[in-house]
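Feature annotations, reproduced from Swiss-Prot:
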| type | residues | note |
| --- | --- | --- |
| ACT_SITE | Pro2 | active site, schiff-base intermediate with DNA |
| ACT_SITE | Glu3 | active site, proton donor |
| ACT_SITE | Lys53 | active site, proton donor |
| ACT_SITE | Arg253 | active site, proton donor |
| BINDING | Gln70, Arg125, Asn169 | DNA binding site |
| ZN_FING | 229-263 | zinc finger |
Amino acid sequence: MPEGPEIRRAADNLEAAIKGKPLTDVWFAFPQLKSYQSRLIGQHVTHVETRGKALLTHFSNDLTLYSHNQLYGVWRVVDTGEEPQTTRVLRVKLQTADKTILLYSASDIEMLTPEQLTTHPFLQRVGPDVLDPNLTPEVVKERLLSPRFRNRQFAGLLLDQAFLAGLGNYLRVEILWQVGLTGNHKAKDLNAAQLDALAHALLDTPRLSYATRGQVDENKYHGALFRFKVFHRDGEPCERCGGIIEKTTLSSRPFYWCPGCQH
């Protein structure tokens, strides 16, 4: 499943295609959304927001399309008039004069008013988004030490969207390697330096992934390109200590780590 950085890049692509352009055609597959089709024609997308793995497409008439891709949903951008060859089932079409965005295969799709945005069950449940530029390490540290989270093992906590939205398995693995901790550690057992390092890594790692993953221009990014240090690298030597990276299962997900420097 895509994690926060991939969802945010998808949102960027949707914005680049249709933001600010009048909608010339709107289509929804689900009957409960059909009545919104005519209400959105002539309106425009003001921005596309991410809340963890959910996408909020905001329209100029104050309605918001909520969508969660789950395992199979995917957004595509096409030239208007183009019909992609795919076996996926179309759920949403938002068309402008030159570009159209299409949502396939997703099942969790709703239209929300401003009031419903504040009471939506999923949006109420998720924690702060790691890609929110206003989220600081200090706030993350407060959450780590809160009664709700301080006794949780990191193996499960870093996958819990109620703690921080946008984290997933590859980020869990890479963050814990960065700070030399294991999935069995808990916030309540860390010293001040470890807590500080973890709070920063919980933001720095996903933000670096979002900003540079897939980029190759090391001059532009000063060598700080995101790449996997342990994820999918079991059997290889750890670049930090030379130990052999191992693979196990934690919280029902594959977990990669180096026993030589994560303890």
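Glycine is no exception: its Cβ is also placed from the backbone N, Cα and C atoms.
Sorting each residue of the zinc finger (229-263) by its DSSP state yields 0 helix, 12 strand, 23 coil.
Its own atom aside, the Cβ of Glu3 (active site, proton donor) has 20 Cβ atoms within 10 angstroms in the protein chains shown. Tertiary neighbourhood of the zinc finger (229-263): same-chain residues 155-156, 159, 169-170, 172-174, 176-178, 180-183, selected by CB-CB distance under 8 Å and a gap of 6+ residues from either end.
Reported as a whole number, the C-alpha separation between Asn169 (DNA binding site) and Pro2 (active site, schiff-base intermediate with DNA) equals 10 Å. Around Arg253 (active site, proton donor), taking its Cβ as the centre, 15 other Cβ atoms fall within 10 Å, counting all chains. The recorded positions in question are Lys53, Arg125, and the one with the fewest Cβ neighbours inside 10 Å is Arg125.
According to its DSSP assignment, Arg125 (DNA binding site) is helical. Of the recorded residues, Pro2 (active site, schiff-base intermediate with DNA) and Arg253 (active site, proton donor) place their C-alpha atoms 14 Å from one another. Recorded residues Arg253 (active site, proton donor) and Glu3 (active site, proton donor) have their alpha carbons 14 Å apart, per Cα-Cα distance.
Residue pair Lys53 (active site, proton donor) / Gln70 (DNA binding site) shows a Cα separation of 8 Å. The distance from the Cα of Gln70 (DNA binding site) to the Cα of Glu3 (active site, proton donor) comes to 11 Å.
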